[in-house]
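K.L.:
Sharing a structure here in structure tokens format.
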Amino acid sequence: MGLRSDFLILADDMFLKRFFHNSVSLLQKNYFFAISFLATLAYFLLGVVSFRFGAFFVFLAMIIYLCHHRFCFGIFLKDISVIWFGILSYIGVLFMALLSVYFSADKFGTLDKIEIFLILPFFLMLFFYVLVKNLEQKAFYLFSFFFSVAILSQPFATIYHYFTINSDRVVGFGDVSIIPYSLFLLLSFALCVSMIIYLKGRFKIFSCLLLCVSLFAMYANGTRALILCVVVMVFAMMVLFRNEINKKISVAISLSMFLVLLGGYFSSTYFGERFNFKKIFSHIGTVWSYAPAQMGRFDKNCFKEDSDYNCSKLSGDKLDERFSFESNSLNRLSLWKSAYVAIMKNPLIPNGFYSRFFNKNLSNIIKPDSMDYFYPRDKYTNAGYYTHMHNMILSFLFELGIVGFLLIIAIFFAIFRSFILFLHRTNNLYEKLLVSSGILFLVGFWISMFFDSIISFSNTNYTFFALLGIFLGISHRRDSCQ
């Protein structure tokens with residue numbers, strides 16, 4: 001019996017070894033397709049479905065990747081050493097976030113958000129970076145195709161919902177908030193512009209059609225900040241890629257943009273209060289001269305019984321006779337001025353990480369009954385109605401202090417620089433298309449951050465970090481640069 005037991009154990013052991021060997025061999029043979037498809041699927045699911053589903057495919061792609069490289073962690077360490085400056089700067093940001101726990105109103109909640117929004121996305125970014133950086137050319141071409149399809153499908157899904165859902169503002173795939181979803185539309189617009197720059201003939205015409213689809217999807221989404229993002233991205237394109245664009249075409253685009261903006265500004269009075277930019281710019285100086293708690297005097301909602309929020313008593317008991325101001329814009333101005341006042345009290349102090357704890361952390365610095373506290377109030381608790389300030393730039397300053405903010409600037413500068421340098425080195429069309437779209441996307445993304453806290457949502461946060469990893473990985477590829 002003992003001999004038989006030993007034989008069975010040996011047989012089981014040999015079976016497991018053979019099974020493992022055959023599994024690894026199968027993955028090796030189908031590695032190109034598997035890793036490209038799974039990585040793209042993971043990116044897509046992170047953004048539009050759920051982090052849990054996306055994380056599963058990230059984990060699966062990671063296992064296949066490690067099997068292909070025989071679980072050699074030396075490759076991973078060697079690859080991340082190339083981006084040492086960005087990693088050290090990010091560790092500095094993480095340190096400032098941990099330091100902010102001491103000053104935050106919700107210490108345990110802040111620690112939890114640091115893990116969810118800083119630590120986990122960082123490792124996600126590193127995975128995509130190492131993966132894309134080391135993809136062989138065949139696998140990279142497959143990944144580029146899948147990735148581009150995932151990007152360009154978003155505008156079509158948005159337009160489909162625009163015509164099938166009875167709403168003025170829609171999103172494409174998934175249950176994503178309207179404004180944060182603009183991140184996906186910015187990316188598709190950036191890719192379409194890059195395709196127009198680098199492709200020729202009928203492919204350029206096809207790219208122009210895709211650009212029109214992307215612009216219509218932005219209209220269907222209805223996020224006002226996208227207008228400014230598109231304008232800045234187009235001008236950035238003409239500056240950064242001036243050698244790729246005919247000078248006459250560049251002049252024509254500049255002149256057309258100027259005329260459209262000028263005409264849009266003066267005709268905006270006919271577009272409704274939300275898009276009446278002429279009225280907004282005419283009165284913004286007057287509004288800003290008031291304290292945050294007093295700005296409600298220009299908000300019609302402060303004097304309506306069916307309003308979603310109450311207003312500070314310091315806003316008065318009737319609407320200002322001179323003019324009213326568009327409510328969403330006025331809310332933002334009040335929030336921004338409150339944040340500005342709080343930051344200027346001590347710019348070095350990190351007041352608590354996570355933008356959606358803003359109202360709690362602000363109350364530690366400015367009392368809710370103060371003139372410097374924003375005017376919209378919750379109807380039931382009289383606490384601040386908004387949980388975040390709708391401005392990621394100010395939010396970085398408020399949450400992490402000036403030191404943390406400068407470290408974030410340094411990270412983006414390093415990323416932007418690596419993208420630009422890579423474009424001058426590579427001759428690979430796929431790499432040029434994706435990296436140039438990454439550059440334009442970052443430009444638009446920075447503009448959008450002035451108007452909302454886009455990456456304070458887990459799905460857009462993980463998507464953004466995955467995108468950074470993908471674009472960084474492409475910009476550090478060696479195959480096409482040697």
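Placement of Cβ uses the backbone N, Cα and C atoms for every residue, glycine included.
Here the structure is a predicted model, which means the values were calculated and not measured.
For reference, TrEMBL lists these features for the protein:
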DOMAIN    210-409  domain 'O-antigen ligase-related'
TRANSMEM  31-49  transmembrane segment
TRANSMEM  55-77  transmembrane segment
TRANSMEM  82-102  transmembrane segment
TRANSMEM  114-132  transmembrane segment
TRANSMEM  139-163  transmembrane segment
TRANSMEM  178-198  transmembrane segment
TRANSMEM  203-219  transmembrane segment
TRANSMEM  225-242  transmembrane segment
TRANSMEM  249-267  transmembrane segment
TRANSMEM  392-417  transmembrane segment
TRANSMEM  429-448  transmembrane segment
TRANSMEM  454-474  transmembrane segment
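Tell me about the setting of these features in this model.
P.N.:
With a cut-off of 8 Å between Cβ atoms, the residues of this chain six or more beyond the transmembrane segment (82-102) that come close are 110-111, 114, 118-119, 122, 129, 350-353, 399-401, 403-404, 407-408, 410-411, 414-415, 418, 472, 476.
Beyond the ends of the transmembrane segment (203-219), by six or more residues, the same chain brings 152, 154-156, 158-159, 162, 172, 182, 185, 188-189, 192-193, 195-196, 226, 230 to within a C-beta distance below 8 angstroms of the stretch.
Here the transmembrane segment (225-242) has long-range neighbours at 179, 182, 185-186, 189-190, 193, 197, 215, 218, 250, 253-254, 257, 261, 420, 436, 439-440, 443-444, 447-448, 450-452, meaning same-chain residues at least 6 beyond its ends whose C-beta is under 8 angstroms from one of its own.
Through the fold, the transmembrane segment (249-267) approaches residues 231, 234-235, 238, 242, 277-278, 281 of its own chain, all at least 6 residues removed from its boundaries and within a Cβ separation under 8 Å.
Beyond the ends of the transmembrane segment (429-448), by six or more residues, the same chain brings 140-141, 144, 147-148, 182-183, 186-187, 189-191, 193-195, 197-198, 225-226, 228-230, 232-233, 236-237, 240-241, 412, 415-416, 419-420, 422-423, 454, 464, 467, 470-471, 474-475, 477, 480 to within a C-beta distance below 8 angstroms of the stretch.
Within the chain, the transmembrane segment (454-474) has long-range Cβ neighbours (under 8 A, six or more residues past its boundaries) at 42-43, 46-51, 54, 83, 116-117, 120-122, 124-133, 135, 147, 174, 176-177, 179-184, 187, 354-356, 388, 392, 395, 415, 418-419, 422, 431, 434-435, 438, 441, 445, 448.
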K.L.:
Averaging the per-residue pLDDT over the domain 'O-antigen ligase-related' (210-409), what integer do you get?
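P.N.:
Within the domain 'O-antigen ligase-related' (210-409), the model's average pLDDT equals 90.
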K.L.:
In the same chain, who gets a Cβ under 8 Å from the transmembrane segment (392-417) while lying at least 6 residues past its ends?
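P.N.:
For the transmembrane segment (392-417), the sequence-distant neighbours (Cβ-Cβ under 8 Å, at least 6 residues beyond its ends) are 83, 85-86, 89-90, 92-93, 96-97, 100, 336, 339-340, 342-343, 347-355, 358, 361, 439, 442, 446, 449-450, 452-456, 468, 471-472.
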